[in-house]
Amino acid sequence: MNNKKTVTNRKGMIPNRLNKFSIRKYSVGTASILVGTTLIFGLSGHEAKAAEHTNGELNQSKNETTAPSENKTTEKVDSHQLKDNTQTATADQPKVTMSDSATFKETSSNMQSPQNATASQSTTQTSNVTTNDKSSTTYSNETDKSNLTQAKDVSATPKTTTIKPRTLNRMAVNTVAAPQQGTNVNDKVHFSNIDIAIDKGHLNKDTGKTEFWATSSDVLKLKANYTIDDSVKEGDTFTFKYGQYFRPGSVRLPSQTQNLYNAQGNIIAKGIYDSTTNTTTYTFTNYVDQYTNVSGSFEQVAFAKRENATTDKTAYKMEVSLGNDTYSEEIIVDYGNKKAQPLISSTNYINNEDLSRNMTAYVNQPKNTYTKQTFVTNLTGYKFNPNAKNFKIYEVTDQNQFVDSFTPDTSKLKDVTNQFNITYSNDNKTATVDLMNGQTSSNKQYIIQQVAYPDNTSTDNGKIDYTLDTDKTKYSWSNSYSNVNGSSTANGDQKKYNLGDYVWEDTNKDGKQDANEKGIKGVYVILKDSNGKELDRTTTDENGKYQFTGLSNGTYSVEFSTPAGYTPTTANAGTDDAVDSDGLTTTGVIKDADNMTLDSGFYKTPKYSLGDYVWYDSNKDGKQDSTEKGIKGVKVTLQNEKGEVIGTTETDENGKYRFDNLDSGKYKVIFEKPAGLTQTGTNTTEDDKDADGGEVDVTITDHDDFTLDNGYYEEETSDSDSDSDSDSDSDSDSDSDSDSDSDSDSDSDSDSDSDSDSDSDSDSDSDSDSDSDSDSDSDSDSDSDSDSDSDSDSDSDSDSDSDSDSDSDSDSDSDSDSDSDSDSDSDSDSDTDSDSDSDSDSDSDSDSDSDSDSDSDSDSDSDSDSDSDSDSDSDSDSDSDSESDADSDTDSDSDAGKHTPAKPMSTVKDQHKTAKALPETGSENNNSNNGTLFGGLFAALGSLLLFGRRKKQNK
């Protein structure tokens, strides 16, 4: 294969050892990937921050957040992305603010105008909010920061989810995925470090305590850390229970929908706030099925519950139960009610649905007597709805009914609305009431409540102006509202629609829904608006159906998650949008009707296999031969493209191995070399018959691959022992006995010539050639024993007796020639060529012992009376030549550490095979032997001369 990589392995030789395959098991671990996410308790984007001011001018808070220009408030998410951290258990996250859509500021102006027509003056008096005795005061009232929620140090680890397809009921076209019924898991959501803190706060110098000034931009913040047990599932619930004097939100009432978001705007849990019980119940989404180890901390904006915490400068017990954890803290509350003011108003609350302003005005708290009282309301950017009958006038009969929180118990007030004529003008933007109602004078006190609805035609955020025109002074109070990025208003109830449909298994992969194809349960579906903000999420039911409800006209985005083990089918196949697949992400438009055409199809991802064979390559040719067998128990490891181990196995008794359930992609196969074996040659022939090496890279593309093989052969052992023993024994014994007796009376001429020639030549030649070339195990023992024994015994006995009276001529010639030739030649050549390791020790011992013994005994007796001439010539030549030649050549080529002895030995020894025992002599004693022989001959010659002389004398 082109994707294979040849790897060179080490070689080694271990002689005479049993090769064993050492197999180790390998376990695959699952790494948990830590994903840091930031969770936020949001207030569903329907709440506004509001500030109330009494100085007649608009003060814009720098801490206010932005809002889109739509009816509903939109929560903004910090654009910081989550940072994954695979090294630590948690990941630090940036603070994320879930802001409500509009930051509203209310500005109130109080102006007194004297009735003197000749000097009409307008004065504005301001004083510190802590001052209660000024007739005209500037106040800073409520700032709604209900959605200013920050999350810190939140982490979550993704879960692995397996989704199985279920049978689809194709008849249930309009059925909706039923919400999963979970259990209360207050005991599985754990809170710690709970605190209720005053954001900003105002220090009372008299008491030294920090107070919560509800109408001066202060808010309360509920803070806590939390962890969620991994056993929590989609549909499980937990609760936030607020106490008697404490609630979520701010001037704007908390929305019924209070969702829990992470930093990217994904919904973790959907909350429903019940104002009756002052409790929020959160239901977990499928987010908790996708992630483990979810933990974090949060801050949630909260407010004093005005209807219960009614009195300024009073400490109230702010209590909350988060899950099963309870916390309380006493907070001093001040609303800034100035009882000396003839006209003062406040925003009682802002409705979280239609953003209407529910106003409360206190008229004549000082109980002054007037002969003229005209109450006028002018709206800018708002309108009254006369048909709603929500302009109420209550007569105060008890001074205590002017509660500081501007939330009087109207059930205890006297409703006198019908006694007055309310005149609407200026397109319902102005309302006028004559509070004298025909009386000449009056000191009556009133509480007037109104509802102002946003005017969609307004280009600004509007304001509400009040005037109380009396016979003494004209008082004015103005309430203005502004947001940072535009108004978010609504007028009337819009019709809601549904969006969704179906996720199915496209078994034939044609991208179309067929009658026999079933739905897939458990697919995550996310709904987003046109700006990419997540609005909702759900999970397909057992029939593959899903549905989002309560949607207005507009453009939406739907995202489908890919179920485990599936692949998205072809998108937009054919022309029928109702039966095709719209892909993983699609856009749906709602235009005065439900849109139930957003489908997605998936087919089961094909799985492939990989593997083949590990064999014993006995002939080391790198090819699989029919006679070669597989190797059992070889460990094979499979890695993915990232180098992560995804499987291990061992070859079976036939050398086969296999990995299954693999996706198309890049892999690496690693063979663990068995102990005692050597990697054979790689890529020597066709891909399905060769060896691919110890590590092989392979790419699977829509097919199986059974060509990944590897071969090994056993390491060789060579034992070569060459022993050459050459024994040459040469024994040369030359015995010459010459007896010459000459008796001459007159003239005797005796010539005795004794020539003894002993020549011993011992040549021992032993040629042992041992050549061992073995690939596996060769034991060659070459033993050459050459024994050459030469025993030459020459015995010459010459007896010459001459008796002559006159002339005797005796000639004795003795010639003894002993020739012994022993040739011993030892040539040991040991040549070992091995792939392993051969250590050849060549020891050549050549011992040549030649013993040549020449014994010449000459007895000459000469008796001559007259003249004797004796010439005795004895020539004895003993030549011993012993040549021993031992040549040992050992050639060893090896890579490993094993030893092979080779001992050629050539030995030449002296052995005697005659009965006579001669002294042991070496070749270096030849000169000594010759001297002895010549000495004997000279002695014989002397005897003859003496004998001849004596005969002459006798003569």
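Note that Cβ sites are derived from N, Cα and C of the backbone, with glycine treated the same way.
Of the listed segments 428-432, 468-472, 918-922, Swiss-Prot assigns motif 'LPXTG sorting signal' to 918-922. Applying DSSP to the compositional bias 'Acidic residues' (685-695) sorts its residues as follows: 0 helix, 2 strand, 9 coil. Mean pLDDT for the motif 'LPXTG sorting signal' (918-922) in the predicted structure: 43. DSSP assignment over the domain 'CNA-B 2' (607-717) gives 0 helix, 54 strand, 57 coil. DSSP assignment over the domain 'CNA-B 1' (496-606) gives 0 helix, 53 strand, 58 coil.
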